[in-house]
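Visitor: Quick one: the structure is below, questions incoming.
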Amino acid sequence: MIQQPPTLFPEITNTVRGRFYIVAGIISVVMAVASIAIFWWIFYTITPAPAPPLQNPIYVNYTQEPTDYISAESLAAMNAYIQANPQPQAVQVLKGMTTAQISAYMVAQVSGGLKVDCSYCHNIANFAQQDGYPNAAKKVTARKMMLMSADLNQNYTAKLPASVGGYQITCATCHNGKAAGLEPYPIEIMNTLPNDWRLPLELDYPGGLVVTGRKDVSNHEVEQNQFAMYHMNVSMGQGCTFCHNARYFPSYEIAQKNHSIIMLQMTKHIQETYVAPGGRIADGIMAGKSPSCWLCHQGANIPPGAAKPGQVPAVLSSTP
Ligand code: HEC
Ligand code: HEC
Ligand code: HEC
Ligand code: HEC
């Protein structure tokens, strides 16, 4: 007599029904494993490896790419112009640069900052032409904007210590990829503030928003302080302690409070000199848009559209 090897669970394996369950179980496990394996095999075959995080060489956290807003025609005209004129023919601001250097700045920061074609400001048949073509007025405004950027860098960001990073104001710092329709006070930062509230840029800084220990201070002044502090918090994406020792708000022991005073002075200067020179908005170059901390900061302590040190032309920089 042949000895059957002892089986595990004879009451299951020795019946037809039991064997059926075992075979069915094995088949379904194999099929499940195979389909998962095939899914991942296809997934890895068709999905490209994730791109490394974009580190733009020029900007803090803004990309001018893809540059498809610049037409092939404009790029061809640019290359022909560089060949024909290695030195620029009619620059008033960008002095000491070759035509190739100016063109690189135009691509990355002027067209790149506003996301517009060269023809937004130029007659591309002659980049040096100053007037007598449809968009000549834009070139005039753009030149004033270059001078404004230089003024802001040289007289305000230059006062911030090197430890902040030496970042520079350039076209994208305010424009963030839009030529017009800029919104210094969009709904997402106004949130709980009255819609017509603006930074009180008629006040003097430091001192304009000081309220502590003053018996003469009105409710309106207290409210202005609170609204301005809220505006700064949201614009910078920070809490009160980014700038303050929250146990004693009047003190200046945190450097960012001093940096903010310089920034308040700069914002006031933009308002008085470029939005409403002599109190007349119609004379300004910024379409009457009163600047805010948000205009540049966009919820970050360093504006995403700021240029890294050494990227803006020396004549426009605080660190020539
Ligand atoms: C927002 C307006 C604007 C845009 C867009 C623009 N430029 Fe300019 N460009 C200017 C201004 C203003 C000047 C004069 C700067 C000066 O006076 O120093 C200038 C000067 C130049 C010059 C020097 C011309 C000379 O010989 O005097 C070149 C070359 C040039 N731009 C190329 C380009 C190219 C290429 C593009 C597109 C990639 C472009 N620009 C986009 C405003 C613009
Ligand atoms: C301090 C902020 C700021 C900076 C820096 C700045 N701009 Fe402007 N610019 C503005 C504002 C605000 C307007 C008005 C936009 C609007 O109509 O909403 C404007 C308008 C313009 C316009 C007119 C656009 C149109 O079609 O009406 C041009 C051209 C322009 N800027 C070019 C530049 C260039 C080039 C640079 C860099 C050299 C620059 N700007 C830097 C704030 C700025
Ligand atoms: C980005 C920096 C910044 C942030 C964030 C900020 N503050 Fe301020 N705060 C300042 C500056 C600068 C002044 C001084 C303004 C002046 O001199 O007119 C000031 C002044 C004050 C004062 C008046 C101090 C005095 O001397 O009377 C109070 C109170 C105050 N802040 C509270 C707050 C509160 C509460 C928050 C958070 C909701 C806050 N701040 C967030 C920069 C900041
Ligand atoms: C025209 C653009 C612009 C406007 C408007 C602006 N800032 Fe700035 N801010 C900058 C740039 C660019 C830097 C970085 C400068 C550097 O690296 O030296 C900066 C840096 C700062 C810093 C230093 C951050 C740190 O980590 O120490 C503070 C604080 C600051 N801004 C506060 C403000 C406040 C408050 C306002 C509104 C009253 C304001 N800024 C408005 C462009 C702007």
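Glycine is treated like the rest: Cβ placed from N, Cα and C.
OK, TrEMBL features for this one:
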- Y81, Q89, A90, Q92, V93, L94, M106, C118, C121, H122, R143: heme c 1 binding site (BINDING)
- Y81, Q89, Q92, V93, L94, M106, C118, C121, H122, R143: heme b 1 binding site (BINDING)
- Y120, K138, M145, C171, C174, H175, G181: heme b 4 binding site (BINDING)
- Y120, C171, C174, H175, G181, L182: heme c 2 binding site (BINDING)
- M145, C171, C174, H175, G181, L182: heme b 5 binding site (BINDING)
- M145, C171, C174, H175, G181, K289: heme b 6 binding site (BINDING)
- M190, L193, N195: Ca(2+) binding site (BINDING)
- G207, G208, L209, V211, T212, C240, C243, H244: heme c 4 binding site (BINDING)
- G208, L209, V211, T212, M229, C240, H244: heme b 8 binding site (BINDING)
- L209, T212, M229, C240, C243, H244: heme b 7 binding site (BINDING)
- Q256, H259, M263, C293, C296, H297, N301: heme b 10 binding site (BINDING)
- M263, C293, C296, H297: heme b 11 binding site (BINDING)
- 20-43: transmembrane segment (TRANSMEM)
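Quick one: where do these features end up spatially?
Guide: The number of other Cβ atoms within 10 Å of the Cβ belonging to V93 (heme c 1 binding site), over all protein chains shown, comes to 16.
DSSP assigns L94 (heme b 1 binding site) to coil in the three-state reduction, placing it in neither a helix nor a strand.
Secondary structure from DSSP puts K138 (heme b 4 binding site) in a helix.
Taking Cβ-Cβ distances under 8 Å and a sequence gap of 6 or more within the same chain, G181 (heme b 4 binding site) has no neighbours at all.
In three-state terms derived from DSSP, G181 (heme b 4 binding site) belongs to neither a helical nor a strand segment and is classed as coil.
Residues near H175 (heme b 4 binding site) in space but far in sequence (CB under 8 A, at least 6 apart, same chain), listed by position: G113, L114, L182, G305.
DSSP assigns L193 (Ca(2+) binding site) to coil, not to a helix or a strand. The Cβ of L193 (Ca(2+) binding site) has 16 other Cβ atoms within 10 Å, all protein chains considered.
A coil conformation is recorded for V211 (heme c 4 binding site) in the three-state DSSP classification, outside any helix or strand. Counting only same-chain residues six or more apart in sequence, the Cβ atoms lying under 8 angstroms from the Cβ of V211 (heme c 4 binding site) belong to V217, E221, V222, N225.
The Cβ of M229 (heme b 8 binding site) has L209, C240 as same-chain neighbours under 8 Å, each 6 or more residues away in sequence. DSSP gives M229 (heme b 8 binding site) a helix state.
DSSP classifies C240 (heme c 4 binding site) as helix under the three-state reduction.
The Cβ of H297 (heme b 10 binding site) has 23 neighbouring Cβ atoms from other residues within 10 Å, across all protein chains displayed.
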Visitor: Using all protein chains in view, find how many other C-beta atoms are within 10 Å of the C-beta of H122 (heme b 1 binding site).
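Guide: A 10 Å sphere around the Cβ of H122 (heme b 1 binding site) contains 24 other Cβ atoms.
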Visitor: Which binding-site residues from the set L182, C240, H244, K289, H297 have a C-beta atom lying less than 6 Å away from ligand 1?
Guide: none
Visitor: Do you know which of the binding-site residues R143, G207, M229, M263 end up with C-beta under 6 Å from ligand 3?
Guide: G207, M229
Visitor: What other residues of the same chain, not counting M145, C171, C174, H175, G181, K289, have a CB atom within 8 A of the CB centroid of the heme b 6 site?
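Guide: These residues sit around the heme b 6 site: L114, N176, K178, A179, A180, L182, M286.
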